[in-house]
Amino acid sequence: MNDGVNGVALAVFIFFFALVTVMGFRAARWRKAENENSLDEWGLGGRSFGTWITWFLLGGDLYTAYTFVAVPAAVYATGAAGFFAVPYTILVYPLIFTFLPRLWSVSHKHGYVTTSDFVRGRFGSKSLSLAVAVTGILATMPYIALQLVGIQSVLDVMGVGGGEDTHWFIKDLPLLLAFGVLAAYTYSSGLRAPALIAFVKDTLIYIVIAVAAIYIPIKLGGFDDIFAKAGDALGATNPATGKPKGELAPSESAHWTYATLAIGSALALFMYPHSITATLSGRSREVIRRNTTILPLYSLMLGLLSLLGFMAIAAGIKVDNGQLAIPQLFETMFPDWFTGVAFAAIGIGALVPAAIMSIAAANLFTRNIYKDFIKPNATPEQETKVSKLVSLLVKVGALVFVLGMDKTAAINMQLLGGIWILQTFPALVGGLFTRWFHRWALLAGWAVGMVYGTVAAYGVASPTQKHFGGSSAEIPGIGEIGYIGLTAFALNAVITVVGTVILRAAKAPAGIDETSPEDYTADAPAAQPEPVASAPEKAPAGAH
Amino acid sequence: MSEAQASPPGRQPVITPTRVVAGVCLFAPFVALIWVSSYAKVEPTLAGVPFFYWYQMLWVLISAALTSIAYVLVRREQRARAARQGGEQA
């Protein structure tokens, strides 16, 4: 496959890469604040972004390079089962419509930077807040690593990854360079860097998907042909399992898996620290609500993107590593220069989320471990400094992960990360609506969910792996195959409710709640003059 | 749009018809998409794309429209409430 370097594609790729690098460093001066040495500035872009910037930032954050590679790769490998990403991203928006504005309001009011900040303030429990913070960091690390896997796959297909016998340093040099640059501008510009780069990333992505969804089917003789060929190919027997490889519409036995994966993933998405970081950088409550109505545009794009998996089958793309299917399809179908554009879209698509994720993980460490447990009287300057350093460490950690370990380790960890992060849902979303839950019951529910999820995922075998072979297992008591994360979540919720009833009856101390009911619906203070909108958007109709 | 309807002052109810409608708008996609057997089929195809895929992509649009409706309803009610509570202050 790697027969030589694709020079034209590489040149285009490098051009865009250089462009976003310059933008990344310049971002430090974009919408510059008076006091840049605070975590609000570095880690949340001054909480000043309007609807469109937030839209690009959230879109760039949630729809990562790994998504672009892995979702169609799953469709390529299994057919319908991989398409669950579409209902998943449909369900996310009505869900967050109900709770995210409340989180925004209370965080704005009390200066919370992370979800753990909120949990500590709401329940007066440092241990619960630590649990949420550690879960967030653990779940984010492999996610960053997978962004690297995304860049690696395009570098491989362009022929700059080197063959198996290349010296490891030469082989990984492009990746090291890309990541070094990313680390440097994240360090200097904070959240402003990915916010600015997200414009380039998403513009490229939309162009590439639109072109791919029209151009490739025409070249392949239309969707009738594509699905006919894909149906035949998926119907063929997989020698490893003795069953068909996949299907065009899920059969009866796969319905539970499909639905539970969609709901479980939707519940988990906004528990991830990087989603919250992008949310809290919004300027007002309205910005968040409005975004839930325009973000589905990304889901539409994801749907089209998933169909590329079928196109790859129909085009006869054969790869050992499924992750290479889509980059390979682009290289086969597009002229070289456009292949370069497509690969740049994927490569930059990795940088934006990787930057936000490392900022989010760094904020969690600084606020909920460093400040709560190591240095309680840290000044805002010290907080910012620690966050910047940790953002570097997190990236180095992810790099070591990808280079030092088998790639499947990162994918396994990411799978676990999704299951784990879902276990913080009761504390966070529960806490946003009610103070009824007891902090110790929440902690117990979290612990049980974490242990159950990990053990269950460990026990899943696949033809190629003995453990962590997938994210679905039999749901105890129901007997259907379902998403482990959702089963663990149900268990977690039951323990939390039962535990709360017992602890309340025993009059266990409930902790001090520093928030008040009106904090959850408060908007930005009116005293603060509305900043001049830097992106075209309608003036908030509420101001009159 | 944001004129307050004449209504008795005092404590405002938590559950209002507007909020119920908004809730239904937000809940509908869950019912539609979790009910996998209602759409797990190949026929009828649309321009060659099996039903399973185009139906779910259609729901992206339906769901976005429903969320927008919920957004407008909630915002209108909030303004009405604010107007009732704070008079002309805004």
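The backbone N, Cα and C atoms fix where each Cβ goes, and this holds for glycine too.
Feature annotations, reproduced from TrEMBL:
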- A:512-544: region 'Disordered' (REGION)
- A:6-28: transmembrane segment (TRANSMEM)
- A:49-69: transmembrane segment (TRANSMEM)
- A:75-100: transmembrane segment (TRANSMEM)
- A:128-148: transmembrane segment (TRANSMEM)
- A:168-187: transmembrane segment (TRANSMEM)
- A:255-273: transmembrane segment (TRANSMEM)
- A:294-317: transmembrane segment (TRANSMEM)
- A:337-365: transmembrane segment (TRANSMEM)
- A:386-405: transmembrane segment (TRANSMEM)
- A:411-433: transmembrane segment (TRANSMEM)
- A:440-461: transmembrane segment (TRANSMEM)
- A:481-503: transmembrane segment (TRANSMEM)
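For the transmembrane segment (A:6-28), the list of distant contacts is 154, 157-160, 178, 181-182, 184-186, 188-190, 192-193, 195-197, 200-201, 204, 331, 336-337, 339-341, 343-344, 347-348, 351: same-chain residues at least six beyond its ends, Cβ to Cβ under 8 Å.
Count of Cβ pairs under 8 Å against the transmembrane segment (A:128-148): among A:75-100, A:255-273, A:337-365, the largest is for A:337-365. If one looks beyond the transmembrane segment (A:440-461) by at least 6 residues along the same chain, the residues whose Cβ comes under 8 Å of a Cβ in the stretch are 123, 125, 127-128, 131-132, 135, 415-416, 419-420, 422-424, 426-427, 430, 467-473, 484-485, 487-489, 491-500, 502-503, 508. Beyond its flanks by at least six residues, the transmembrane segment (A:294-317) meets 51, 55, 58-59, 62-63, 67-68, 71-77, 79, 82-83, 85-86, 89-90, 93, 205-206, 209, 212-213, 216-217, 220, 225-227, 229-230, 233-234, 325-326, 328-329, 332-333 of its own chain at Cβ-Cβ distances under 8 Å. Among residues of the same chain six or more beyond the transmembrane segment (A:255-273), those with a C-beta under 8 A of the stretch's C-beta atoms are 62, 80-81, 84-85, 87-89, 91-92, 95-96, 99-100, 114-115, 136-137, 139-140, 143, 279, 357, 360-361, 363-364, 418, 421-422, 424-425, 428, 471-472, 475, 478, 480-483, 485-487, 489.
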